[in-house]
Amino acid sequence: METPTLNKSGSLTIVGTGIESIGQMTLQTLSYIEAADKVFYCVIDPATEAFILTKNKDCVDLYQYYDNGKSRMDTYTQMSEVMLREVRKGLDVVGVFYGHPGVFVNPSLRALAIAKSEGFKARMLPGVSAEDCLYADLCIDPSNPGCLTYEASDFLIRERPTNIYSHFILFQVGCVGIADFNFTGFENSKFGILVDRLEKEYGAEHPVVHYIAAMLPHEDPVTDQWTIGQLREPEFYKRVGGVSTFYIPPKERKEINVDIIRELKFLPEGKVPDTRTQIYPPNQWEPEVPTVPAYGSNEHAAIAQLDTHTPPEQYQPLATSKAMTDVMTKLALDPKALAEYKADHRAFAQSVPDLTANERTALEIGDSWAFRCAMKEMPISLLDNAKQSMEEASEQGFPWIIVVGVVGVVGSVVSSA
């Protein structure tokens, strides 16, 4: 299949507003809303809607395409198509969705795929998702001990596997098996089928956290801890709604592989690894997790070093001009300035007043390492090491920037790509 060329006028940028009203909207998202020719939005609180309307004069509410009993897939098709019609007219369109615009959102992904296939510029900007809020509010780390995330109906239909050693997050638990829409909410009559599966995997006594992220600044999140068995009782399941999420903590902790620990040389020779104990802090939602104390011998030793601490030789303090700070901020928050810079690095760099020579060179090069060297006070030893590794990469044909080993000075030697 021939790849379309990106030479058409018109573009589509998909952004997210986060979950909590207004405050979780990123600066990047706001800048694209303000710069758009036309904005389409689908948000769940009126304060965010009103805020969007103050940032652009041409806004359309996508929520109007929902209706009682109407297939959500039909709605999603219509939402994506009304955005695409304006892109095809040559407009720079922004689609705004609550949360992260690509997490449990269909019309955004559909519109992006079609726009790209037709040769238009199209991209998605990240936003704060309900899962991000859950991590923060429940104070859990998805990397420890890993995390599974499913949509509740899909979890049942496709018999998705669980992992009792990891965090488990289930979305859309308040509309199990429901494919249409209702302005008044969902009856959720198939909820018991989900409970059956959870009991089979974890047992009736295992904890489950009923979670709802705060949507308004003055609200607190819902973090009710129940047991899976309690989900069968009306007192509990009637509190599960369309924005409810379940978090199920690990049932057990998997022991480490001692042979792999030794092969990776994680511990000094002769030291026996602890196969069960977890680092501090423990997961407050998980039963019976053996955890080291907050202040053990290692922690006390580390804290004792604070009073005599000095920055290490390879620490890189900031050393940049106001002009460079301003231009980097402009590139981050002004889509039109960013487009100018991407079109011609050198011309843009030459147009910016009051830069140092190294800052201007970094702008012309456009490489992250060049920016770092121009904006940080770089120790000679670090630059020498970087120069050696980059020269080796350049010899192998990689398009690296070569940095000369002088503190704060960037060489503009660029190998051919």
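Glycine is treated like the rest: Cβ placed from N, Cα and C.
For 1-251, the entry in Swiss-Prot reads region 'Methyltransferase domain'. What Swiss-Prot records for R72, Y76, Y98 is active site. The S-adenosyl-L-methionine binding site annotation in Swiss-Prot covers Y98, H100, V103, A130, Q172, A213, S244, T245, and the record cites similarity to another entry as its basis. As annotated by Swiss-Prot, region 'Clasp domain' applies to 252-378, with the evidence given as similarity to another entry. According to Swiss-Prot, the region 'Precursor leader' annotation covers 379-399. Here Swiss-Prot flags I401 as N-methylisoleucine, drawing on experimental evidence. For V403, V404, V406, V407, V410, V413, the entry in Swiss-Prot reads N-methylvaline. Sequence annotations record features per position, and here Swiss-Prot assigns N-methylglycine to G405, G408, G411 based on experimental evidence.
Positions of Swiss-Prot features highlighted on the structure.
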{"residue": "R72", "record": "active site", "DSSP class": "helix"}
{"residue": "Y98", "record": "S-adenosyl-L-methionine binding site", "DSSP class": "coil"}
{"residue": "V103", "record": "S-adenosyl-L-methionine binding site", "DSSP class": "coil"}
{"residue": "A130", "record": "S-adenosyl-L-methionine binding site", "DSSP class": "helix"}
{"residue": "Q172", "record": "S-adenosyl-L-methionine binding site", "DSSP class": "coil"}
{"residue": "A213", "record": "S-adenosyl-L-methionine binding site", "DSSP class": "coil"}
{"residue": "S244", "record": "S-adenosyl-L-methionine binding site", "DSSP class": "coil"}
Fewest other C-beta atoms within 10 angstroms, as judged across R72, H100, which are the recorded positions: R72
Distance from Q172 (S-adenosyl-L-methionine binding site) back to R72 (active site), taken between C-alpha atoms, in Å: 14
Chain-internal residues, separated by at least six, CB under 8 A from Y98 (S-adenosyl-L-methionine binding site): G16, T17, G18, I19, C42, V43, I44, D45, T48
Distance from Y76 (active site) back to H100 (S-adenosyl-L-methionine binding site), taken between C-alpha atoms, in Å: 16
Chain-internal residues, separated by at least six, CB under 8 A from S244 (S-adenosyl-L-methionine binding site): V173, G174, H210, Y211, I212, V222
Integer Å distance between the CA atoms belonging to V103 (S-adenosyl-L-methionine binding site) and Y76 (active site): 14
Around the Cβ of T245 (S-adenosyl-L-methionine binding site), the count of other Cβ atoms that are within 10 Å: 23
Tally of residues which DSSP labels helix, strand or coil - the region 'Clasp domain' (252-378): 63 helix, 4 strand, 60 coil
Distant-in-sequence Cβ neighbours of Q172 (S-adenosyl-L-methionine binding site), under 8 Å, six or more positions away: F104, E151, A152, S153, G242
Binding-site residues (V103, A130, A213), the one with most neighbouring Cβ atoms at 10 Å: A213
